[in-house]
Amino acid sequence: MYYVNVILYLLEVLKPKIILGNLLSLYGGYGVAARGHIYSKLLFLDSLSLFLIVGSACVLNNVIDCDIDKIMLRTQCRLLVKYNKFCKLAILIAMFMLFLGLILCVKFINVVCFCLFLLGWLTYIFLYSFFLKKTSAISTIVGSISGSLPPIVGYCSVTNNFDFCSLNLLIMFALWQIPHSYAICILHFRDYKIANIPVFPVIYGFKITRYHIILHIILFFISVIVLTFINSINYKFLIISFFLCLTWLYYSLLELTIKNSKLWAKNIFRWSIIVIFLLNIIMLFGFV
């Protein structure tokens with residue numbers, strides 16, 4: 001039982017849900033570029049590099065957030081909060097993972113992906129985690145940029161080129177993350193307020209946040225349509241994505257009448273997961 005608990009604690013520090021979400025996005029971007037030709041070796045190298053680099057960022061984020069994690073109710077039981085003496089070890093493990101991931105990327109994938117991974121890591125750790133998360137409401141927007149790079153890495157691992165399609169993917173995934181993240185902020189509003197973290201709902205309130213969520217869902221909807229035409233993805237993708245985005249938008253508008261903001265945010269969050277999961281699956285297998 002002791003060893004099971006140790007493994008669970010280690011997995012918690014790596015934030016496996018975030019890694020899995022990033023892997024799925026990488027596969028979506030890969031699928032858009034590969035157009036039905038799945039190269040298993042390249043996909044494996046992409047996945048391994050992402051696991052190491054994103055895992056490294058997640059571990060360091062745990063270290064950086066120790067001071068606020070001990071204040072928020074939902075994070076008080078995290079490993080590095082309870083056992084602060086492991087922080088130095090966590091930093092060493094994170095730096096080793098980063099080094100190994102970047103070496104794999106530059107040696108076996110390409111320099112474009114290496115630069116994208118490094119840019120995402122630096123943005124997430126220094127600009128987002130160290131500075132903006134605790135000082136500014138725009139932290140979510142900056143975090144969305146680093147969070148939207150995995151699908152670009154998947155795309156560029158095939159094309160070895162950052163083009164207009166990869167730029168649209170970047171915009172599309174960044175736009176998706178805003179309503180997704182704002183919904184999380186509403187759901188955990190009390191924790192963020194107690195910890196004095198200036199997330200958008202805390203600074204501007206629920207009403208303005210709701211309108212921003214709706215606006216970003218509409219912009220995301222447009223970016224998905226643009227992707228269909230600039231990359232010539234088949235119309236099966238367009239039809240399915242149209243109904244998915246329309247449903248997400250419908251719930252965001254319908255739920256405006258609900259006075260319970262957390263119930264509204266819960267539905268927005270749930271649909272954000274459904275939409276991005278299914279879109280990535282279609283992007284990966286849409287050409288097969």
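Numbering starts at 1 and runs along the chain as displayed.
From the backbone N, Cα and C atoms, a Cβ is placed for every residue, glycine too.
For 6-26 (among others), the entry in Swiss-Prot reads transmembrane segment.
Distant neighbours of the transmembrane segment (44-64): 13-15, 18-19, 22-23, 26, 30, 78-80, 87, 90-91, 93-95, 97-98, 100-102, 104-105, 108-109, 113, 117, 120-121, 124-125, 129-130, 150, 153-154, 157; these residues of the same chain sit at least 6 beyond its ends, with a Cβ under 8 Å from one of its Cβ atoms. Taken from Swiss-Prot, the feature transmembrane segment applies to 44-64 (among others).
The transmembrane segment annotation in Swiss-Prot covers 89-109 (among others).
Long-range contacts of the transmembrane segment (111-131) within its own chain (CB-CB distance under 8 A, at least 6 residues past either end) are made by residues 46, 49-50, 53, 56-57, 60-61, 64-65, 98, 101-102, 105, 139, 142-143, 145-147, 149-150, 152-153, 156-157, 160-162. Annotation source Swiss-Prot lists transmembrane segment at 111-131 (among others), citing sequence analysis.
Taken from Swiss-Prot, the feature transmembrane segment covers 138-158 (among others), and the record attributes it to sequence analysis.
Sequence annotations record features per position, and here Swiss-Prot assigns transmembrane segment to 169-189 (among others). If one looks beyond the transmembrane segment (169-189) by at least 6 residues along the same chain, the residues whose Cβ comes under 8 Å of a Cβ in the stretch are 25, 29, 32, 72, 74, 140-141, 143-145, 147-149, 151-152, 155, 199-202, 206, 209, 212-214, 216-217, 219-220, 223-224, 227, 252, 261-262, 264-266, 268-269, 272-273, 275-276.
What Swiss-Prot records for 213-233 (among others) is transmembrane segment.
What Swiss-Prot records for 238-258 (among others) is transmembrane segment. Using a Cβ-Cβ cut-off under 8 Å and counting only residues 6 or more beyond its ends in the same chain, the transmembrane segment (238-258) has close neighbours at 179, 210, 213-214, 217-218, 220-221, 224-225, 228, 264, 267-268, 271-272, 274-275, 278-279, 282.
With a threshold of 8 Å between CB atoms, the same-chain residues lying at least 6 positions outside the transmembrane segment (268-288) that come near it are 21, 24-25, 27-32, 34-36, 38, 151, 176, 179-180, 183-184, 187, 213, 224, 233-234, 236-237, 240-241, 244-245, 247-248, 251-252, 255. Swiss-Prot lists 268-288 (among others) with the feature transmembrane segment, giving sequence analysis as the kind of evidence.
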| message | At a C-beta cut-off of under 8 Å, are there same-chain residues at least 6 beyond the transmembrane segment (6-26) that contact it? List them, or none. | response | 46-47, 50-51, 54-55, 58-59, 61-62, 78-80, 90, 147-148, 150-151, 153-154, 173, 276-277, 280
| message | Let me spell it out: take the transmembrane segment (213-233), skip the flanking residues so only those 6+ beyond its ends count, and list any with a Cβ under 8 Å from a Cβ in it. | response | 32, 164-165, 168-169, 171-172, 175-176, 178-179, 182-183, 241-242, 245-246, 248-249, 252-253, 256, 268, 279, 283, 286-287
